[in-house]
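Asks: If you scroll down you'll find the structure; I have some questions about it.
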Amino acid sequence: MFYAKFFAKRFVAIVITLAAVIAISYIMMYCSPGGFMNTTQLASSLAPLAAQDPAAYQKLMEQFQLRYGLNLPLWHQVLLYEWHTFTLNFGNSMQNPTLSIMSQLKTALPISVILAFSSVVLSVVVGIPMGIIAAIKRNTWVDYLVTTLSMFGQAIPSFVLAVIFVLLFGVEWQNVLPVTGWGTVPEAVLPVVSLAAGNIGVVARYMRGSLIETMRQDFIRTAKAKGVKYWPLVLKHGVKNSLTALITVIGPQFAFSVVGAVWVENIFAIPGLGKVISTAFTNFDFPLAITAVFILGATIMLTNLAVDVIYAVMDPRVKLQ
Amino acid sequence: MAIAVSQSQQSVRRARKNSPMYRAWQRYRRNGFAVAGLGWVILFFIIGIIGPWIAPYSYTYADFLHMHSGPSWQHLFGTDTVGYDVFSQILYSVRYALEIALGATCVSFLIGIVLGLWAGLSGGIIDMIVMRAVDFMFALPSFFFALILVVLLGKGIFPMILAIGVPGWAGYARLIRSLVLSMRNGEMVEAARALGAPQWHIARRYMFPNVVGSMVVSLAFGIPYDLTAQAGLSIVGMGLNPPMPSFGNMLAQAGANILGFPWLLYFPAGVFAITLLSFLFVADGLQEAFNPKGGM
């Protein structure tokens, strides 16, 4: 019962947030000076027509507006768009009028989600041991090495790392790992690693700090006094209790990875949602752009909700609110 | 008399040595990475100011006879696929990167400080509305808001500042609101007020020194974030309009033309990575200096 209430509350919050995002982005794009028909290649190919036969050009523009409902008043457009989006009827994009946005999303969204998700998994798998080692070897060269490496990972954005990887594996060590494409495991290695580097740093630093904090607690001293050996003490008592706090980092990390995926996909030429977003935004393809942001936003918020629930289940001290 | 003078001088010196800023600097100095980072950041600022004057070529000058040429004395870092001099491009992009990053951080900070103070001081319904707005901004990565704002505002320097700066206010607002709340109900302020200290004295001697550290640290973390966001916009094709040089444009271009001309990447990526690292080292050092117990 309690969980049902919690879910309902959070779900309503997510829906309201998404509705506001859609309305704001729609109004902003409506007010923007450029438009699909004025800025793309279409505009230059239509220019002769506009010069020779203004009436036909006018008719064409009206057809376009009718097709995408741009002749309606703004409030009507926004409400209609909200309704269509929440009923998952995304319509067609302007660049590919024959292709529905839904079919584009079906191929693109899983790629981005897998990319972001595997980078989070990799960062947890690599970052936790790094943090543990740094914490138990505190203030030695191992600790300094781990902390410095984490700083590097956090400071250098994924797209810089991605470009450097393209240089290393595309020019210096060819045929070791592919630098473009998507579909096989080797093709996924470089994008995932360049996305995970920042997250590894965050996880390692967080794990280190939280383990050091945990090892200072009273129950650790009690366990030690009772004669628990060193490794069981660290792993069973210390790490287990610091891990629960680490779950809270996963949500922001996923959001961070989604943004990173948008960048990395453009560099490694991966046909994911990031690539879709970049072409949609640069071409003023409004329906596609807003839908892509909507989908990514919904994914991020649902992930956060799941993370909160897992946190509460794993750590009984935490109360959902 | 002489003794009295030297005593008063000593007390002045001791007071300076005990000031929070001085002690923070002492702690900062011990962190080698932070000092090295500060050196690079200062150099970066100097280049940002004088860069366009010492650049050997204008960023619009394309040397058609030396397209795709590697590093040489004529073109220190080589030329790109149009014949632009990469060294000059880097000097100019430092200027633009700094303008946009500093401007965007100021915009975020200004909005944040106004809303945070307003929420913290008035409380009640205004506090609730502002905090809901903060939750709203945190629900989605601010990069998406920036993307949408670029569509609305365009791709110049000033639009960029607004596009990156406006969505970034939420963190500052939350920080300043929490500082206000902790100050308003703090025992120290209460004690000073009970002793009859005037309002400006409380603000200057008790509130400001306790607040300045957190604010400087959050600003120091904000600048590298805005640098990254700006370059990230270029990566998806929504950055500064070419031919205006920017690190993001250079990186995107280098990624596309990497196979024959690796020097297009070495220098921009190197400078950009070192700069971000330095800013982060400085921010980290500041955090340790101002807040020796907390943080990780």
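First residue shown is number 1, and so on along the chain.
The backbone N, Cα and C atoms fix where each Cβ goes, glycine too.
TrEMBL feature annotations, pasted as is:
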- B:33-55: transmembrane segment (TRANSMEM)
- B:94-283: domain 'ABC transmembrane type-1' (DOMAIN)
- B:100-121: transmembrane segment (TRANSMEM)
- B:133-151: transmembrane segment (TRANSMEM)
- B:157-175: transmembrane segment (TRANSMEM)
- B:211-240: transmembrane segment (TRANSMEM)
- B:260-283: transmembrane segment (TRANSMEM)
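Have a look at these and tell me how they're positioned relative to everything else.
Replies: Taking Cβ pairs closer than 8 Å, the transmembrane segment (B:33-55) reaches residues 85, 87-88, 91-92, 94-95, 97-99, 274-275, 277-282, 284-286, 288-289 in its own chain, all 6 or more past its ends.
If you look at the transmembrane segment (B:100-121), the same-chain residues 6 or more away from its ends with a CB under 8 A from one of its CBs are 127, 130-131, 133, 157-158, 160-162, 164-181, 184, 219, 222-224, 226-227, 229-230, 240.
Long-range Cβ contacts of the transmembrane segment (B:211-240) within its own chain (Cβ-Cβ under 8 Å, at least 6 residues beyond either end) map to 20, 24, 96-97, 100-102, 104-105, 108-109, 142-143, 146-147, 150-151, 155-157, 160, 163-165, 168, 171-172, 175-176, 179, 183, 246-249, 251-252, 272, 275-276, 279-280, 282-283, 286-287, 290-291.
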